[in-house]
Amino acid sequence: MIIELREFTRVEGNGKAEIVIEDGEVKDVRLKIIEGPRFFELLTLGRHYYDVPDLEARICAICYLSHSVASVLGIERAFGVEVPEEIALIRELGLIGELLESHALHLYLLVAPDVFGYPDAIRMATKHGELVKEGLALKAFGNRIRVMVGGREIHGINVKPGGFGRYPTVEELERVEKESEALLRLARRAVRLFAQLDPYGAQAKHFVATDGYLWGEKLVSDEEGAFHYTERIEERSLVYSFAKQSLYKGEIFFVGALPRLLLKSEMLTPAAKRLFEEHREKLETGYVSYNNLAQAIELVYSLERANEIAKTLLDRGIEGENVPVEPREGEGIGYVEAPRGVLIHHYRIDANGNVAYSNIITPTALNHAMMEASLLEEARKLYGEAEERAMIGRLEETVRAFDPCISCSVHLVKL
Amino acid sequence: MMDKLKLGVFELTDCGGCALNILFLYEKLFDLLEFYEITEFHMATSLSEENHYDVALVTGTVSTQRDLNLLKEARNHSEYLIALGTCATHGSVQGSVELPIREKLKAVYGDDGNPMRALDSKPVVEYVAVDFALPGCPYDKNEVYQVLMDIAKGIEPVRKDYPVCLECKLNEYECVLVKKGLPCLGPITYGGCNAACIRSGLGCIGCRGPLPGEVNPASEYEILKDLGYDDEYIIRKFKTFARWEP
């Protein structure tokens, strides 16, 4: 017998799951990504490098800037271009804006209704309007940073190889400095709220993240130092899903906010670090539901870090000079932490500056196997014990804990 | 008090941005909710209770049999259907990959055939009649707000009829095509984005698709040729969001 779950709600994109029951027991769970394929690597093939980041941004609306930055990093590494600290800091600020926007959307509008027992945030707002407003305030702040750095709330075009179309102004940075401080109180409250979640889903055995907090030269894992994805991560196609599955050294692993905190807690800002220590025991159990608690702690981190970056840039002043980019034959990989985990853009570029090979691996694809393992764990726990509706509700919450971005997951290619 | 209009949001294959953009309306979303009740919007709510919609917003391309079924359901059960965003109106980026579906799938997933029933990505407007088409990758959120408010008040929404250049001039931005020689599709692209790319000092990438009517793509083509861009580059640029033949 197969129990087919309806399409997931309150996630980005289209997906569903099937629970396979044999002899009265849960035998298997299949996570089916039914969003149509989008063929981004084919789209970018043969394109001039300069246009590629704008196209790659379209992979995902919630994390377009992570895609732009990963794309730009891959292209710059292929050409051997290095950017000065100013440009790196502004990019980081953009990624922080995205983390705030995405985490606030996820936690307040998509997860909080589960905590309070409502079908959505709009209906939750009748009784918990203040909370919804707080979430929207954080989200709007994140989006303002995205507009400042990326050029638009969705699919901005401002992040370019070698720099930006337009640089932030002093007024804009002063506003970031002020608002990031004012909003910190709300983020602390979010940590208290999401610390109350039950442990559910599978317990991760392996964690993977980039070596810097929001981007890196390479990846790191819980058992070893820096490595390139090609050395440890393998992808495989599935007959029932448009997204591929990835394994780390042949095993299931987890990317996202929880892995970031656990692998890179020493990089956290002061208040975020204190909150991490306070909840460390819980987080270290590795239950996927604590990913939401980790996201809330990252709201605090993001606001503190945005404040630091704005201050630094204001102190040193903005020069607004792009680094000249000379195309040459080369290969480069961009590693970024999208809000929902590791994102990889890998390009080979020919002597004319056109893309000759491209491979993109998104966090949702990296987490695909971990999501299935979590669904299986929950289904086994609940099948025959809980009512079917309650079981399905919990399974949906389990998938939601990953903050999966299904649109992003459907265009993986090896050419 | 009049009954609220039933609003459904249907997401086919896309990046999620057109649905997300509705949530980005913030307090204006609550203004809309004075007139509308959202009864289908799976990114935002777990509720799904109606099978009749006064207004249906459909985002994304038809890229699978599932998308096609969902589109037909939306069309059959709605009074007023809006194709929302460039995927729905023109096919956008995924619609511009021109290989046959079998070859595309083979390149990505290997030789396992087509078990998930993928189709070539096509815009919504190629499958059903729509009552309004609002392009943009993404569309301007204030535009969708205006369109929904117009409908709620019984006014037929107005389609814009000017290129990006007009909004660029109104903002007094420097012309990047003439002054900087950047490839800018502003002169032939459907306005409504408030010249977002030119605000950043960059050229318009044409994400709202071609402006219908009195535009002159041939002249744009010549300008770009004169600036030194080769044929293939220009044609690709023209085709990226709208499969537009120059």
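Note: Cβ is positioned from N, Cα and C throughout, glycine not excepted.
Taken verbatim from TrEMBL:
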| type | residues | note |
| --- | --- | --- |
| BINDING | A:Glu41, A:Ile360, A:His411 | Mg(2+) binding site |
| BINDING | A:Cys60, A:Cys63, A:Cys405 | Ni(2+) binding site |
| BINDING | A:Cys63, A:Cys408 | Fe cation binding site |
Filtered binding-site residues - A:Cys60, A:Cys63, A:Ile360 - keeping only those with Cβ under 8 Å from chain B: A:Cys60
Where A:Cys405 (Ni(2+) binding site) falls in three-state DSSP terms: strand
Per DSSP, three-state class assigned to A:Cys63 (Ni(2+) binding site): coil
Candidate with sparsest Cβ neighbourhood (10 Å radius) among A:Cys60, A:Cys63, A:Ile360, the listed binding-site residues: A:Ile360
